[in-house]
């Protein structure tokens with residue numbers, strides 16, 4: 001049975017802070033051997049909306065670079081279009097966190113989706129490269145709004161006993177989109193290169209409608225329940241009840257928690273290695289060192305996704321029983337070793353095996369880390385600034401990782417670029433050696 005070390009003034013444990021003895025999360029703790037609560041209706045609403053978002057986003061992945069090239073620009077300006085989205089996410093993350101604390105997750109989630117929908121539709125009708133750049137950048141603003149809001153609602157509505165399982169389902173839906181979407185997007189592009197963007201815009205509108213319409217009543221019921229369990233009154237919309245009565249988790253409060261500090265290191269390393277280097281540098285490494293056949297790169301990526309799916313669901317279930325730290329440590333250690341070995345891969349079979357192992361490692365750590373962030377914020381609380389700061393570190397890693405690794409590859413070769421990425425993962429693993437276990441069982 002997992003034990004959680006309680007740090008001084010731990011705000012997730014009511015009564016541990018002598019100055020604010022009742023401002024922690026609603027205490028919902030059960031035996032790991034007892035029955036698990038069902039997934040709340042609010043979470044199912046989010047998961048359905050996420051499916052439409054994931055499928056839609058994956059539609060434009062294979063066509064965006066070609067679309068940018070159609071304006072007669074070179075590879076550098078094409079990469080600027082791709083990076084503009086991530087850059088605007090990074091820049092606007094603090095503002096998104098503040099808006100969430102002020103207006104509530106649901107409103108910002110819907111607004112963010114509609115901003116991305118409008119900007120994506122505009123991309124389809126861009127008349128020149130600079131219009132494309134501006135429209136795509138605006139999409140990054142909306143993206144960080146709904147991403148942080150979604151993470152906040154996952155934290156708010158996920159019962160502590162099944163947070164890992166919910167995080168795994170959330171991540172699994174994105175994987176389904178990443179696997180199925182590109183092929184469909186390529187097929188849609190046969191009818192016009194702007195068609196995938198219009199379809200993606202439509203899926204975002206559907207997702208916004210799902211959350212805007214279906215979440216409202218369920219949200220008010222849950223908010224009232226949280227307020228009543230905490231001995232509070234005046235439950236209403238997402239500005240009034242638990243989010244207001246149970247004060248939003250402050251960034252200063254979170255930074256006192258060793259688990260949150262370790263999570264920031266994890267976020268940066270994960271963005272660097274998994275979102276950045278694995279998607280931008282490893283395909284180039286495969287093409288230059290193993291095979292230039294396009295199908296080889298595709299198979300390597302697909303095998304990694306399979307490994308991710310397998311471990312994601314397993315870790316999601318088990319992290320709700322044995323704790324978060326074991327899976328984060330194991331996942332990071334496996335990923336670091338596999339990334340290091342990848343630097344010396346010289347044939348297709350070895351590369352496929354290592355890609356599968358990298359996927360396994362990533363899938364072991366991801367749901368546990370997401371559950372940690374939810375644990376830190378607490379059930380029924382808002383945490384816009386806490387979530388936005390974590391998102392900034394991850395986006396920062398995903399932006400810097402490919403750039404720095406690319407420079408290293410140009411100067412010293414791909415081997416060293418990949419080794420540096422493995423070191424980043426190892427540092428994240430070490431940071432979690434001193435991070436506390438946030439899962440509590442009784």
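Glycine is no exception: its Cβ is also placed from the backbone N, Cα and C atoms.
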For this session: Would you mind telling me which of 88-107, 108-127, 228-247 TrEMBL tags as transmembrane segment?
Result: 108-127
Seminar exercise, completed: Which range of 197-215, 368-386 is transmembrane segment in TrEMBL? It is 197-215
For this session: Examine the ranges 393-413, 414-434 and name the one recorded by TrEMBL as transmembrane segment.
Result: 414-434
Seminar exercise, completed: Taking the transmembrane segment (414-434) as reference, the highest number of CB pairs under 8 angstroms among 108-127, 133-155, 258-275, 295-315 goes to 258-275
Problem set entry | Contact between the transmembrane segment (133-155) and the transmembrane segment (108-127) (3 or more Cβ pairs under 8 Å, separation 6+) | yes
Seminar exercise, completed: Spatial neighbours of the transmembrane segment (108-127) not adjacent in sequence (6+ beyond its ends, CB under 8 Å) are 53, 60, 67, 71, 96, 99-100, 135-136, 138-139, 141-150, 153, 194-195, 197-198, 200-202, 204-205, 207-208, 211-212
